[in-house]
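First the structure, in the form of structure tokens, and then the observations on it.
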């Protein structure tokens, strides 16, 4: 295990020896754009308010933080952020997940394939240090890394549950829950597809080796465990399901990714296909790993054939639109074609190739063992050193290690905009102020980037920004020389300051200054954080084309991420519009009474108030999070009962409902009925996975 930890550190070099260096620490990475701002909000809110932040007000008009997969708010390792600086937190998070991926692959190779220690280590390093993983992490895709590191554990837990369903079912439920909570729905979807496939194969083996009744028990426990895993993740899944209905992801998404067979084969041994982003087109597992996998395929056909078929199937799916297999599968599997980056499924193929590389190494070490034990050990160590050296050197090209101080130092432009905006929003036409800076300075940006922006907000900003967008959008705004923002519509969202690299020619935009070639404008049509409008002819909130402001005094009393409070005084009644995004879970309390929330312009909440002085509190209290918490608590309680029941059952304190069926598999490898024992092979006693872990 020390070797796995060493490899996890080497592939992040020089971050382990410099407090200012970190993988993906460059301005455009997802780590800087999304992950850092979100965990900063989490860390700050828990430290100051002693609660979880459920709403992110700092970019994109506001987003539900508990539902946003990029936040991974309910993923247990995320909670490490309370104990470390953000740089150390991310470094520790990456290191632990690399190590965890390697350890899972090591145990998978030892237990399921019955590989000796050195070949299993080769398989572990081949997966944890695969160039595609570090390429995605170099792009800042933290949640992709978190999710795919659970793939080997899913396969291992499925194998163990089929063999001893009552004992290992809870472990499978835990792995399923962690995969879903890790924060990347696409990669979780692929992981669960793999789980279904390997579970089916293991069940067929169980049926052949032990008979129908044991296989039925295993299948039942597999289904119950997976259901428990989904329930455990309910605290995230229910809010996510709600967000999916309201986000731009609900619009049509038609991926056009395609890699021809020739391009795929070239990328398998070379660089990504032309025109592809490095991390999306990274196919190569490393030349040393590929050679060992090819040797393992040729020399251990009986063991390798199933893995080879699986890798070929995954490869055909990774080719996307150029593959006929993909077109068939997208019609068979629900939502299979709703994802971007179709080649990401290749992570499953890389896990298979890593196991094949372990088989190839095993062939070499077992052949040399006939000569001498020392020769076998030496060959295993040499091949392991070759793989470690090859992959760590290769990964240096894709890790994109950068300076933390560079990305966390607020630019002068942001500091100036902060002074001008006050509690108002800032609209950057070219995304001039980084989202990380906005979170640091607690600025509220009207622009922003996120895969799940609220659809109504995107549509409104299309019009307010002076451009027209269609379909799935994950960035606001679009900018071009012909784009002219509408200060009136922006003002209704309390946009106080506009920032642009090109001059804006609108009489309502007052030039305040210029910093480093970027212009700052004050919006003279800013309507404030809340304003009173005359009801429409039907008594409902007016339309955007015919609204009339009413004279009123609106005082902002409180402004937090999940709460806004106002005191409004007016001689006439009307609709008090809060200049923010309406979203399920926000409630209005007027003078201590809950009031219905209506909509203005299809986006902003409007609450009916009468004449006189009133106090309004607009609070975020999402029912989806409460329901999800209840579901997760129920799942956890059921899991604890299962564990307690198993302990009583194994000690003989519960009646033995299920007899001890004979098991003739004895750790049968994938693709074969049995395996020949060797002195270096993993222990094959029934279900002793924990003992195997201790030996490593």
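Please read every residue number as a count from 1 along the shown chain.
Glycine is treated like the rest: Cβ placed from N, Cα and C.
As stated in TrEMBL, the feature transmembrane segment covers range 133-154 out of the listed 23-44, 45-66, 67-88, 133-154. TrEMBL tags one of the stretches 244-263, 304-323, 364-383 as transmembrane segment, and that stretch is 304-323. For the ranges 276-297, 386-407, the feature annotated in TrEMBL as transmembrane segment maps to 276-297. Checking the ranges 171-187, 188-204 against TrEMBL, the transmembrane segment annotation falls on 188-204. With a cut-off of 8 Å on Cβ pairs spaced 6 or more residues apart, the transmembrane segment (630-649) and the transmembrane segment (216-238) reach 3 or more such pairs and are scored as touching. Spatially, the transmembrane segment (343-362) is adjacent to the transmembrane segment (89-113); three or more Cβ-Cβ distances between them are under 8 Å for residues at least 6 apart in sequence. Under the criterion of 3 or more C-beta pairs below 8 Å, with sequence separation of 6 or more, the transmembrane segment (276-297) and the transmembrane segment (89-113) do not qualify as touching, having fewer than 3 such pairs.
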